[in-house]
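Visitor: What follows is a single structure, and I will ask about it in a moment.
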Amino acid sequence: MVRISTSISYLWGMVASLFLMMPAYSADAPVSSPPAPIEARNSVFTAQHPDQFNSWKATSEQSERHDALAEDPYMVILWAGYPFSRDYNKPRGHAYAITDVRETLRTGAPKTAEDGPLPMACWSCKSPDVARLIQQEGEDGYFKGKWARGGPEITNDLGCADCHDTASPDFAQGKPALTLSRPYAERAMEAIGKPFDQASRFGQQSMVCGQCHVEYYFSGKDKAVKFPWDNGTKVEDMEKYYDAISFSDWTNTLSRAPMLKAQHPEYETWSVGIHGKNNVTCIDCHMPKVKNADGKLYTDHKIGNPFDNYGETCTNCHTQDKAAMQAVVAERKTAIHELKLKAEEQLVHAHFEAKAAWDAGATEAEMQPILMDIRHAQWRWDLAVASHGIHMHAPDEGLRMLGTSLSKSAEARTKLVRLLAQKGVTGEVKLPDISTKEKAQQAIGLNMQQIKAEKQDFLNTVVPQWDEQARKAGRLN
């Protein structure tokens, strides 16, 4: 009995000691608060950062549209069966991000939020409303559904909250407060050993641009954005990744090859170029420090050609005059362009010759190695040309990729010659007239009159409804 009483007394003593050791909490103790809601309306920050806002707004001056398919009809054939064969304009100012994604024929003409050919993910590089929706709905929630679901929600052009933590004290005090507003971009940077929060100021500057100016694909049932960087960021690394998971963006309707469509891999190509290797960032060349009317320095947000601000960009490193530097860049651009056209010509022939082989009775087993050669050849071509500034960012890498594209196309065409001969086709496979965009689109069976009419009806009826819903909800600038 004495032993039991002693044990009970000992246990109560231990409980009392543990209780006294526990931290005291009160109603006044601080608790973690949820993050401030992301403000997607760029105009809200006009008074806070007037020079930056006004220079960002000036991207509306970059309004000219360049029809890439009209300039190069071969691309219609290379993208047969994919929306890019309908419409592909070269990029213009950030102020047109929403307008252009609404108006492109690639996004179709949906009538309802559940209609249309493309997923929600197609908004992901267009607006700070994307970051707002991810914060509100979670990443999984944001990616669910069709592109049209985001129409009334995503209405503000690419701007402040895409790159800056606009709710932070640092931003309020005039500091950059750079951030990765897309969680999938943060994961991708970590996958290549570049955690954002451990990066230098220069590294972070390029990473915020690299949220969008990258290669990516839509993964899984909900078509979530993912960067294919698990093996690295070179063309062969990403190809290996895609092949391992048997991913293809679409099947070319002529050759039936399972194709990959490169997006805009500026981060990857810049990284292997002379500027990337020397920590010369996107900001240094495209968003230099300039002075306002009062002589105060600020970062110019009218993102554009470095030659437009030569004294504030190139001369920080180069001693040559502007004309000399422009001549060097023009020479590199010409070299890239000439090899690009050669690669395209071989690929176009390969697609039509593959079609001829199918028509002659070729089997899937016979065609499989040929189609993989076509896939790999076009992937290299596309990654080079989709990076619009590769002649400046990494000309050697651009020439290398295009050169290997030619080699892969040659392998495909050599195999096709042999296979066609086995099937009794010994003459040259003639190409249809694809000398213009319109003729090339006709050759792959596109009814452009109907596609354009449906799009115009969408712009006249659905888009005004989106804007009205956004206006009533207070989401518009």
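Each residue, glycine too, has its Cβ placed from N, Cα and C.
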Visitor: Which candidate from His164, His376, His391, His393 does Swiss-Prot annotate alongside Cys282, Cys285, His286 at the heme c 4 binding site?
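Guide: Among the candidates, Swiss-Prot records only His393 at this heme c 4 site.
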Visitor: Which one, His275, His301, His318, is listed by Swiss-Prot in the same heme c 2 site as Cys160, Cys163, His164?
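Guide: Within the candidate list, Swiss-Prot flags His301.
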Visitor: Quick check on the annotation: Swiss-Prot has Cys209, Cys212, His213 binding heme c 3, so which of His94, His337 does it put in that site too?
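Guide: Record check against Swiss-Prot: heme c 3 site with Cys209, Cys212, His213, extra candidate from His94, His337 is His94.
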Visitor: Widest Cα span across the heme c 2 binders Cys160, Cys163, His164, His301, in Å?
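Guide: With Cys160, Cys163, His164, His301 as the binding residues for heme c 2, the largest Cα distance is 13 Å.
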Visitor: On a simple 10 Å Cβ count over all chains shown, which one of the binding-site residues His164, Lys261 is most densely packed?
Guide: His164
Visitor: About how far apart, in whole Å, are the alpha carbons (Cα) of His393 (heme c 4 binding site) and Cys160 (heme c 2 binding site)?
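Guide: A Cα-Cα distance of 25 Å.
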Visitor: Name them in sequence order: residues not among His275, Cys314, Cys317, His318 whose Cβ is within 8 Å of the mean position of the Cβ atoms defining the heme c 5 site.
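Guide: The surrounding set, listed in chain order, is Val280, Cys285, Thr313, Thr315, Asn316, Met325.
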Visitor: Relative to the Cα of Cys285 (heme c 4 binding site), which of the binding-site residues Cys125, His213, Gln263, His264 has the closest Cα?
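Guide: Nearest in space to Cys285 (heme c 4 binding site), counting only the binding-site residues, is His213.
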